Amino acid sequence: MNTFKVSFFGFSCLFVTVTLIHFGSSIPLQEKNFGQLSFVEQLGRFGVRFNWRNLTCPVCKTVFTILDIALLSDTNKERVAHAVGEACTRLHLADEHVCREITELFSDDFITTLQQSILWPTEACAVLVGPSCGRFDIYAPWNVTLPAVAKPPITPPTPPIPGSPQSRVLFLTDIHWDREYAEGSSADCKDPLCCRNSSGLPSWKHHGAGYWGTYSKCDLPLRTVENLMENVAKDGPWDWVYWTGDIPAHNVWSQTRAQQLIELTTISRLIHKHLGPNVIVYPAVGNHESTPVNSFPPPFIHGNRSSHWLYDTMAEEWAVWLPPQALHTIRRAGFYTVQIQPGLRLVSLNMNFCARENYWLMVNSTDPADQLQWLVHILQESENKGEKVHIIGHIPPGLCLASWSWNYYHIVNRYEGTITGQFFGHTHIDEFQMFYDEETMTRPLGVSYIAPSVTTFVNLNPGYRVYYVDGNYPDSSRFVLDHETYILNLTEANNRPNPASPLSAADPNPKWTLLYRASKAYGLTSLFPSDWHGLIQTFLQDDRYFQTYWYLMHKGHVSEPCKDTCKTANICFLRSSRYQELVQCNILKGLGHKKPAYVRKTMC
C-alpha cells in the first residue's frame, strides 16, 4: 500500500508534506530575489526530487523561512495557496481535482495560523516533521499544576469475588460512513479514497467494491453501519456505550461544514434509534468531525474560524444522552464529565488539542482550552469522593505532542488509584499502550485500550469492541475484567446470493461474529496493568503469542507475519504511552526517530 496516499488526507501526513515542502520554494514572493524561476527549477535549488519521501529538515526550514517573509503581507496569501495546488499537481501527489479542492479547503485557515504563529522555522518543523528536525520548545516545558495533596497509598487491584456484578459496555469508534460509497465501483482508484461514485469502474485485474464493504482504501456504506447497529441492538442489553468519534469518510479534500453536520446528525440519530432511549451513549470528538480535517481552534479563536458550528450541533444531538453541564463544556471546547453511576465518573477528552496534525496548535499549544488542568480538578474531586474514573478520547495519548503527552502521563501517575479505565480509537487497529511509574518506569500502573475501527479503511474487516467492567457494587474496582472483539467477515458477507441486489452476491443478513475474547486468546486470568505488562514479556519470549496478537490486531485480515523490525516497533509502541518514550524506544532499538511505520499508516 502507498503509505503517502493513505496518509495524504490527514493534514500532517498529506497537507503538511504538500504545503510545507513541495510548494514552498515556488512562491513568487519577491521577484527581485527569485526572478522568473520555474516551479521545477526552484525545487532543484534545494535538491528536492519529485518524491514525497525526500521531505528533509533543511527543506522544511527553508520553506518556513520563505513563508515567514511571504506572510507578512496579506497580498501574498493567494500566491501561497496557488503554489500549493501547483506543487501538488506537478508532483503527482494526487489528481488535479483533488489538489485543487484540498488547497481551496485548507489554505485560508492554515495560512491564518502561520500568520498568527510565532514559531521559528526550526520549531514549526519539529511540530510538523518530527523531533529529528528540532525542538518544539517555544512554550515548553509547560506543566499542569497538581494540587498539594499527597498521593494516597496504592493497593494493587485484585479480581472480584466470583459472581460479582459486571457492566457490559459497547465501544464504537471510527465509523467513517461514506455517503458516496458505490457497490461495483473501483476499489483501486487514483484518489486517496475509493469505492465511490467518482472512482470509476474496476479494471479486469481488480474486483469492484463489495456490497457490505471492501478490503481497500475504502470506507463504509450506510447500510453496513445500520446493519451493525441492528446486530448490536439484538446483542444487548448494554449498560452503556462509549463512542470515540470519526464519523465522516476520508474524502477530506471535498468536505463542507453542512455535510459534516448531516453526517454527525445521521449517525447520532441512527445509534439512538437502534439502541433505544434507555441506553446512554457517551461520545468523544474525533479528528474527522471538523473540516478542514484536524482543524480544531482553541476557544480563544472566535468568529467563523472557531469550532462553535460543530460543538453546538454536537450538544444539540447529544442532549438525549448528556446532562446540561456536560453540554455546556462541549459547546465551549468539545470535552465534558458526567457521572455514569454512583462511584463511577466519565471524562471525555477532546484529544484534538494534543494532536500534531492540528495546525492551530502552532499558534499556542500550551494546554489548549485548559483541558488538562480541568482534568486534574475533576480527578482530585473524584479522589476526594472515592469515585473511580474512566477516560475516553479519540487519539491515544502516546501519539500526542510531546509536552501534552508528558503531562497526561504525569496525571495518570498521580491519580492511578482513581483512573481505572482509558479508552481510545483512531489507529483503526486493535492495540494497547502501557503506563509505568515515573520513578522507575518498571511498575505497570495503567493501560490505554485502543479499539479497532468500524470502517474497513485500510484493508480491514469492520469491527467493534465489548468491554466487561467490574460492576456496580460497593468497593468495585471498575477495572476492565475482559473484552471481546466482533467483526463482519467481508469475504463471507460479500459472497452469498442476494436477490435484492442484482449487482452483488452478498449475504442479505450477514452476522457479526466473535473474533476473540482477550482472556482466552492470551491465556490471561485478569486484565489488570500487570497482566498486560506480562503479556508483552510473553511476546518477547514466545513468538506464537505475538503472531496471534498481530493477526487479531488487524481484525483477522493480515497478509503476512510481523517479524524483526516490525515486531520491535510494535512492542515499542505497546510500552510507550507517552511520545518521548516511543521515540526513545525507537532510537534504542535502531529504528530511528520516527514513529513505527504502521502507526503512521493507520493515523488518518
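Backbone N, Cα and C atoms are what each Cβ position is placed from, and that goes for glycine too.
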Disulfide partner of Cys57 per TrEMBL: which of Cys133, Cys189, Cys194, Cys195? Cys133
What subset of the recorded positions Cys57, Cys99, Asp174, Cys218, Asp246, Cys354 lies within 10 angstroms of His426 (Zn(2+) 2 binding site) at the C-alpha level? Asp174, Asp246
Among the disulfide-bonded residues Cys125, Cys194, Cys354, Cys400, Cys562, which ones place their C-alpha within 10 angstroms of the C-alpha of Cys218 (disulfide bond)? Cys194
Given the recorded Zn(2+) 2 site (Asp246, Asn287, His394, His426), which additional residues of the same chain have their Cβ within 8 Å of the Cβ centre, ordered by sequence? Thr173, Asp174, Thr244, Gly245, Gly286, His288, Met351, Asn352, Ile395, Gly425
Non-local Cβ contacts of Asp246 (Zn(2+) 1 binding site) (under 8 Å, 6 or more apart, same chain)? Thr173, Asp174, Ile175, His176, Gly286, Asn287, His288, Glu289, His394, Gly425, His426, Ser453
Restricting the comparison to the disulfide-bonded residues Cys57, Cys60, Cys354, Cys566, which residue's C-alpha is spatially nearest the C-alpha of Cys195 (disulfide bond)? Cys566
Rounded to the nearest Å, what's the C-alpha distance separating His428 (Zn(2+) 1 binding site) and Cys400 (disulfide bond)? Just drop the number here, would you? 16
